[in-house]
């Protein structure tokens, strides 16, 4: 589709950047940490406060709020034609336990800013426009990540999601009830003409290339594994080293090979060991076992599959060596995603209209847009974040880039909503 | 000192093994668990029942009972000469909450069996012989472990011990009163010519070496450290591998070198990594840091010191490489203990008299004998336990080894008590 430049008073349309910035700083107070980060973990009291504030802002902007059974929040601005499917914009308001002020919340508040700017500009689109904030994108409290959009798009059942437990044994369903955000609206019964998510890059590429906007054409594939290395618990004193079945010692070469696996498929491959849990975790006891998480990523399906097979080979090579059991369970697989050409083109046309430095790129992180793209034409807009730092209290984005991203979102939404 | 073989009717002296075994099985009924273990935690009603039964057996054997202010039990069999310092034998009657039938209780009942056998054999030693059962060896209810022998030998004050609290807030002093075992006898005002403790090994060495008796020449020294490896927290997807500061990856060669350090000083050195705590411990995040415990042991002070210096060298070698900070803090140091040569020789002579398969060894675990050795010539006798398992309801020792250990104790006590 050809996308026309949208002018008003001979100017390309822009958002109110100061308002967006001040809303972001206000939201960052909720769960704000002394180091300047945010702890607004999903379905906690802090998350509830963030949701409450967001809904108030949306209502003030004239939106209609609907909350679905997963606690996903939808704020709708009517278009001229109620028969058209709306354009969806948004991301998530939850954060990592030691997260930053930009991850997720930027995409939600940029979408709100688009609607407030349309109000200011007195523009009514043909199609309605909706903002969404998805529940539990981070996966920090309840596994898996992106479960709100996952249930929405049919990846998981509602029952599965409700039964997921946090470390204290609280289920996601109970946690939704506890903060009063288990909505009535049937999950998934909403259809959209297109979906756009603006987000910080969470990587160092745009900064290194000195670009303000990334036109995101797809997302890396991800495979998650639980690795268990089982030895034998023994007292740290009496048992000689050569008689031990020490799972810590046995783990070292395995993790080394996993890092080497990533190197073999450099530069686009990723291997991350995020968590290691020894049992019983006592200073003077050789652990009986280690439970370890493994996260492998690559933008090409065939290469990610190859990494998957090689990982299994590594595991089988170490299994049953010296009395150590090594087992691997794949718990999640998100294949690489190619975003919708038409939405990419609308974003590309918008960055050209706005004349901001930009590049096409692939996302290294998973996003709700991965699931959305299965049911709706979807693409993403990235802005740089300092040093590529994310999931970190020091996460930082430049105000100029934050505003550029919202301007791109505004113009893209207008093109797609047929203004 | 030369130790002569002791014969009676041309036979090396032996205990009544069946009586010892049946006493051990009877005592194991008190606090016996369905899995075949024992829960006779210090200063509980079960412990009181165990103490009562033990005292009854000692009185039946003609011993004089004295209970000191820490509830340590002493049962004395008179010798020919009241002016000589007695020979002490014993261990502890308390158990872990899910403990076994052998740990501690074996050393006490083997000592009782020695006295009953001397009665049967109509032998009166020159020096008196005493049995001891120390209060709270396990440290499972009141911390620290070995507090009864610790106060006896001046490591802790009586006041300090009385004020130690269990999880319910009950003090050790109150608990002693509650079971009626706060004795009158002033703590520590007993002196001995020698002290011998027979105990299960709590390790796999004797079993692996197919020996029935370990002649224990000392106890390993221990150094405890906190190791911190600090990198940079980043999202598992976007950041390319070569731009990461991954503390997990950086930890692998460090732990490898720690295990190599233990190998360099094999076979007596130990290196244990009991706990690893990543932060934030999230599957899709490269951790910011890992906190790791390190436990190094060696029976020789100079070698343990050498390991200590080499560990520091390893750490400084990795510190500040590729943006990773590596720091090490020593949090505890317990120097090695060398047992008394004369007592070791008496044990060695006894195992040779008895012709049981034996070896010299060093204890990896702490025992009351560590404190005793500070004030009295001390050594220990070990017997194998199945699979090295201890502090476990499945703890198991062979009847034959149990009897061999008591035979060695009998002959050693006779040599030292100048029969």
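The backbone N, Cα and C atoms fix where each Cβ goes, glycine too.
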**Message:** Based on TrEMBL, name the residue from A:59, A:66, A:138, A:352 that is recorded for the same Zn(2+) 2 site as A:103, A:391.
**Reply:** A:138
**Request:** With A:92, A:103 listed by TrEMBL as binding Zn(2+) 1, identify the candidate in A:199, A:235 belonging to that site.
**Result:** A:199
**Request:** Across all the protein chains here, work out how many other Cβ atoms are within 10 Å of the Cβ of residue A:199 (Zn(2+) 1 binding site).
**Result:** 28
**Asked** Looking only at the domain 'Peptidase M20 dimerisation' (A:218-318), what is the mean pLDDT?
**Response** 95
**Prompt:** Per 10 Å Cβ neighbour count, which of the binding-site residues A:103, A:138 ranks highest?
**Reply:** A:103
**Item:** Proximity to chain B among binding-site residues A:92, A:199, A:391, where any Cβ pair is under 8 Å
**Value:** A:391
**Prompt:** About how far apart, in whole Å, are the alpha carbons (Cα) of residue A:138 (Zn(2+) 2 binding site) and residue A:92 (Zn(2+) 1 binding site)?
**Reply:** 9
**Request:** Pop the Cα-Cα gap between residue A:391 (Zn(2+) 2 binding site) and residue A:92 (Zn(2+) 1 binding site) into the table, whole Å please.
**Result:** 14
**Asked** C-alpha of residue A:103 (Zn(2+) 1 binding site) to C-alpha of residue A:391 (Zn(2+) 2 binding site): distance in Å?
**Response** 8
**Request:** Work out the three-state DSSP category of residue A:92 (Zn(2+) 1 binding site).
**Result:** coil
